[in-house]
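For reference, the structure is listed below as C-alpha cells.
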C-alpha cells in the first residue's frame, strides 16, 4: 500500500519541497545560532556569517537533510489519502488546488514539529541548536510549511 502512494509522488515537486524545507531550516538554524552569539557580544562580520550559513548547510545535509527527506516522504505520501478519508465525513468535500496547498502545508509543518520534538528523547540532546527555543521551533515549522506550499505549487502547476 505504501508503494502505491510513493509511486504517485511527483518527484520534481518533492525535490523542490525538500530543497526549500532543508535550506530554510538550515538557514533559520544558522541565524538563531548567530543571533545567540551576537547576544553574547561576539562581533561577526557579514563574510563570516555567510560562510557560517554555507558550512552549516553542507554540514547538516547528511543528517538533518536526510531526516527531513524521510519526514517529507511520509507526510507528503499520506496527505491526500488522509484528506480523502476525512472528506468521506464531510458533506461538501473541497478538492481545489488551494485546499490541497493548505493540506500539504499543514502536513509538512506538522512533520517538522514532530521531527524537532522527537530528536530530543531519542538522542537526549537538541541536535538543531537553532530550535531550542520557541522562536527557533516556530521557524523550523515554518520551513516545513513553506516546503508544503512549494510542493503543492509545483505539483499543481505541472498538472495544468
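Even glycines carry a Cβ here, placed using N, Cα and C.
Just so you know, TrEMBL annotations never went through curation; they're auto-generated.
Taken from TrEMBL, the feature transmembrane segment covers 59-82 (among others).
For 103-122 (among others), the entry in TrEMBL reads transmembrane segment.
Per TrEMBL, the feature transmembrane segment maps to 134-154 (among others).
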Long-range Cβ neighbours of the transmembrane segment (103-122) (under 8 Å; 6 or more residues past either end):
17, 21, 25, 67-68, 71-72, 74-76, 78-80, 82-83, 128, 131, 137, 140-149, 151-152
Residues outside the transmembrane segment (134-154) whose C-beta sits under 8 Å from one of its C-beta atoms, at least 6 past its ends, are 10, 12-14, 16-18, 20-22, 24-25, 28-29, 31-32, 72, 75-76, 97, 100-101, 103-113, 116, 128
